[in-house]
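Here is the structure we will look at, set down as structure tokens.
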Amino acid sequence: MADFNQILTTGDVDGGIINVVNEIPAGSNHKIEWNRKLAAFQLDRVEPAIFAKPTNYGFIPQTLDEDGDELDVLLVTEQPLATGVFLEARVIGVMKFVDDGEVDDKIVCVPADDRNNGNAYKTLADLPQQLIKQIEFHFNHYKDLKKAGTTKVESWGDAEEAKKVIKESIERWNKQA
């Protein structure tokens, strides 16, 4: 398998277009993670079916969030994307998130070229409010059966705030490289 951190860049962050590697298809309860040391995808665990991911879930190559992993992405598409698919995506916002006391923000994005929706999603406000509620509920509760109260969606930010989070994660990546 190719090492996505070697073959892909982060993309054009200032232009709002980033490279994304998908780990978990929307609707899956399999917690699949990119293992950076092995340059391979690994099944970390199987979550309860009620906590299937409401969106595709992936990462931005050559970034590190404060939790030590690549910066996470919530990728909104109409159909699930397979594990290992990579694409250019347009940044529309950020979900500010804390997991067990650690910052674990999620960049919200859509495919950069979505001809089915006419590229209708340009901001978080363009997304269906029910989807935002589902995402927030999922991340506030997906660990409740194991350790209740350890996750919290703190706030939502716009694309400019998301770009700032991405740039900070690029700096962390560059420091460890």
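Cβ atoms are placed via backbone N, Cα and C, with glycine included.
What Swiss-Prot annotates here:
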type    : residues                    : note
BINDING : Lys31, Arg45, Tyr57, Tyr142 : substrate binding site
BINDING : Asp67, Asp72, Asp104        : Mg(2+) 1 binding site
BINDING : Asp72                       : Mg(2+) 2 binding site
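For the binding-site residues Tyr57, Tyr142, the greatest number of Cβ atoms within 10 Å around a candidate Cβ is found at Tyr57.
Each of the binding-site residues Lys31, Arg45 was scored by the number of other CB atoms within 10 A of its CB, and the lowest score belongs to Arg45. For Lys31 (substrate binding site), the spatially nearest entry among the binding-site residues Asp67, Asp72, Asp104 is Asp72, judged by CA separation. Cα-Cα distance from Tyr57 (substrate binding site) to Asp72 (Mg(2+) 1 binding site): 7 Å (rounded to the nearest whole number). Other than Asp67, Asp72, Asp104, the residues of this chain whose Cβ falls within 8 Å of the Cβ centroid of the Mg(2+) 1 site are, in sequence order, Asp65, Glu66, Asp69, Leu71, Phe97, Asp99, Glu102, Val103, Asp105, Lys106.
It is Asp67, among the binding-site residues Asp67, Asp72, Asp104, whose Cβ has the fewest other Cβ atoms within 10 Å in the structure shown. The DSSP secondary structure for Asp72 (Mg(2+) 1 binding site) is strand. Same-chain neighbours of the substrate site beyond Lys31, Arg45, Tyr57, Tyr142, judged by a C-beta within 8 angstroms of the site's C-beta center, are, in sequence order, Ile24, Asn29, His30, Asp44, Glu47, Phe51, Lys53. Recorded residues Asp72 (Mg(2+) 1 binding site) and Arg45 (substrate binding site) have their alpha carbons 17 Å apart, per Cα-Cα distance. Rounded to a whole number, the C-alpha distance linking Asp104 (Mg(2+) 1 binding site) with Tyr142 (substrate binding site) is 14 angstrom. The CA atom of Tyr142 (substrate binding site) is located 18 Å away from the CA atom of Asp67 (Mg(2+) 1 binding site).
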